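K.L.:
Just dropping this structure here.
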């Protein structure tokens with residue numbers, strides 16, 4: 001068998017956490033609980049952004065897209081991981097692996113661009129408040145979101161094709177819990193230095209460039225906020241940006257530690273832990289950060305609960 005798409009190829013074996021069988025039951029329970037909480041949290045943000053008129057603003061339009069992206073990311077990887085932990089059959093079909101790699105890589109790119117778009121939105125709100133609704137009009141917001149999705153998945157098409165057409169020569173044991181570019185490159189029975197260089201270049205484009213734009217935006221925001229004479233006004237301005245900045249630090253810190261190094265230098269245990277955090281914990285933290293630190297979201301949630309209670313009583 002020379003390639004993964006040979007007619008005799010039945011799929012890949014996702015080793016996951018099988019090297020630590022004593023932890024699998026605890027991991028299953030923890031992952032399932034976090035997945036359910038993440039699903040509820042992100043679903044709630046999407047619902048509130050749709051039904052509450054107070055949240056029909058650019059900021060919550062972008063936030064609902066972020067939540068939808070997080071739902072897609074966890075659903076792409078977590079059900080397969082849970083099935084592999086509890087089941088004896090830990091295989092994934094070739095088509096399933098391609099789909100998983102394509103979706104996970106695409107969504108990662110989308111989030112990088114979307115977070116930089118959200119930073120620009122906060123810059124427009126704080127530094128150009130009088131022209132905010134004129135500058136951030138609905139058509140522009142939609143165009144920015146569409147650009148984020150097209151850019152992320154356009155890149156994913158290229159890298160999925162480059163990775164999955166490599167010769168694997170019968171190697172089918174993936175030392176990970178889902179199909180990811182760096183671990184798939186390690187299976188290839190050919191020189192992957194060109195693929196590694198391309199992956200590094202794309203990682204710089206999707207991580208360093210958006211992060212630089214975000215930092216520039218927050219530099220302008222900080223300069224503008226410090227000019228505000230009122231301490232209450234400064235707290236309010238920083239409060240509108242604090243949640244987004246926390247998400248940025250968690251997300252980019254995780255991915256930079258995972259992708260801006262050559263795959264040959266990866267420690268698989270560390271890589272699995274980072275990937276688990278990125279695909280499971282980060283989607284849970286996003287709604288928690290935005291709801292617990294945001295009075296508008298908490299107010300919308302109270303209004304929704306009150307409306308449902310009134311409907312039941314009537």
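Backbone N, Cα and C define each Cβ position, glycine as well.
Residues or ranges marked as transmembrane segment in TrEMBL: 26-48, 60-81, 101-120, 140-158, 200-221, 242-261, 273-292. TrEMBL lists 41-290 with the feature domain 'G-protein coupled receptors family 1 profile'.
Tell me what's around each of these sites.
P.N.:
Sequence-distant contacts of the transmembrane segment (200-221), counting only residues of its own chain at least 6 positions beyond either end whose CB sits under 8 Å from a CB of the stretch, comprise 108-109, 112-113, 115-116, 119-120, 122-123, 126-127, 152, 155, 159, 237, 241, 245, 248, 252, 255-256, 259-260, 262.
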K.L.:
Restricting to the domain 'G-protein coupled receptors family 1 profile' (41-290), what is the model's mean pLDDT?
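P.N.:
The predicted confidence over the domain 'G-protein coupled receptors family 1 profile' (41-290), as a mean pLDDT, is 86.
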K.L.:
Would you call the transmembrane segment (101-120) and the transmembrane segment (242-261) in contact, using three or more Cβ pairs under 8 Å, pairs 6 or more apart in sequence?
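P.N.:
Checked: the transmembrane segment (101-120) vs the transmembrane segment (242-261), in contact.
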K.L.:
Below 8 angstroms Cβ to Cβ, which residues of this chain, lying six or more residues outside the transmembrane segment (242-261), approach it?
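P.N.:
Distant contacts of the transmembrane segment (242-261): 66, 108, 111-112, 115, 118-119, 122, 182, 199-200, 203-204, 207-208, 210-211, 214, 218, 271, 274-275, 277-278, 282, 285-286, 289-290, 293-294.
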